[in-house]
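Some features that TrEMBL has for this protein:
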- 117-240: domain 'O-antigen ligase-related' (DOMAIN)
- 29-46: transmembrane segment (TRANSMEM)
- 76-95: transmembrane segment (TRANSMEM)
- 107-123: transmembrane segment (TRANSMEM)
- 129-145: transmembrane segment (TRANSMEM)
- 150-169: transmembrane segment (TRANSMEM)
- 229-248: transmembrane segment (TRANSMEM)
- 260-279: transmembrane segment (TRANSMEM)
- 285-304: transmembrane segment (TRANSMEM)
Amino acid sequence: MAVSLLYFVFILYFAYYEKNAPPDLFDKLVNICMIASVFIFIYVIFEHLEIVAEWDYSFITSSIDKNHNNRVEATFFNPNYFALMLEFFIAMGLYKLFTSKTSWKKIIYAGLIAGNILAVLYTGNRTSPIVIVAAVLVFLYILSYKKITLLLTSILGISLIWFAISGYYPRIDSLSWALDDRLDIWKTGLKGIQDNWIFGQGPYTYMQIYDLYNGKFTYHAHSIYIDTLLNYGIFGNLILLNAAYRYLKWLIQMHKYPQLKTKAALVWSLLTIFIVHGLTDLAIYWFQTAFVFLALILLVPGLVKAEEDKKSE
């Protein structure tokens, strides 16, 4: 009940935010995130070198008092949530790289992108390299670099395969175990969906029903798609799809205005990160990652309206 109430407050806040946030907040938020990424990267290096210890979240519950086996998490709940935020930072860095006018700024943002990629490797997240490749390709495709996108798709695809074969891919040695683990969780989630497919059973359903199906304990179904159906059923998902449809109409309208093209590329890139990373995890299901994601993408209607107002003047 408390979680549902918290979600309701969260929804009310962002409903107000979408209608009232000024369009120029978009670049300000990106700049804030880029500055924050510098300090977070410094912390990552200290954590990786074991100069500072992993943050202790056991004050929330003793069930999360655990070490993540040399996987950095900085100030985040766990390495997977941190990896998702780093993916957002990389997409934002790409946006700044393309919108900066001076060479020295481009060099700085290229350095920030490289630093965040290194931090991703330190998180040990297996999904992130694939997500980053997908996000970069979508960003370039939206900016009409279609030939470069096709070339990079081949190069990066081959590179990922080579890294996996060579053993350099993050935690490739435990990939087989991880796949079995995910499949077990997903099967449990799908069983729960079959039993309550119309309305679902509310937030954190997996954590409440896993033992009914002899499944593995975890906080969620490790997939946006399975977990959302499990929690809210077909009825709830139709509501979400309706909201997504209305949002996509605004996003498509961005392409009418050339001056919004790079911003549209960033938004599509962020959505790609959300969609692809969500295949195997629910890292967006945390206030840090969800807040940054929504704070940026929900500025789209305001950006379009601002351009429409300029056009009508």
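Residue numbering: from 1, along the chain as shown.
Note that Cβ sites are derived from N, Cα and C of the backbone, with glycine treated the same way.
Since this is a predicted model, take the numbers as computed values, not measurements.
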Do the transmembrane segment (260-279) and the transmembrane segment (76-95) share at least 3 Cβ pairs closer than 8 Å, excluding pairs fewer than 6 residues apart in sequence?
-> yes
Of the stretches 76-95, 107-123, 229-248, which racks up the most C-beta pairs under 8 Å with the transmembrane segment (285-304)?
-> 76-95
So which residues does the transmembrane segment (129-145) touch in its own chain, when a touch means Cβ under 8 Å and the partner is 6 or more beyond its ends?
-> 87, 90-91, 94-95, 98, 117, 120, 152-153, 156-157, 160, 163, 169-170, 261-262, 264-266, 268-270, 272-273, 276-277
Going along the chain, which residues at least six beyond the ends of the transmembrane segment (107-123) come within the CB cut-off of under 8 Å?
-> 34, 37-38, 40-41, 44, 48, 71-74, 79-80, 82-83, 86-87, 89-90, 93-94, 96-97, 100, 129, 132, 170
Using a Cβ cut-off of under 8 Å, list the residues of the same chain at least 6 residues beyond the transmembrane segment (76-95) that approach it.
-> 30, 33-34, 37, 57, 64, 68, 109-110, 112-113, 116-117, 119-120, 123-125, 127-128, 131-132, 135-136, 139, 262-263, 265-266, 269-270, 273, 277, 281, 283-284, 286, 288-289, 292-293
Helix, strand and coil residue totals from DSSP for the domain 'O-antigen ligase-related' (117-240) stand at 93 helix, 0 strand, 31 coil
Within the predicted model, mean pLDDT of the domain 'O-antigen ligase-related' (117-240) | 92
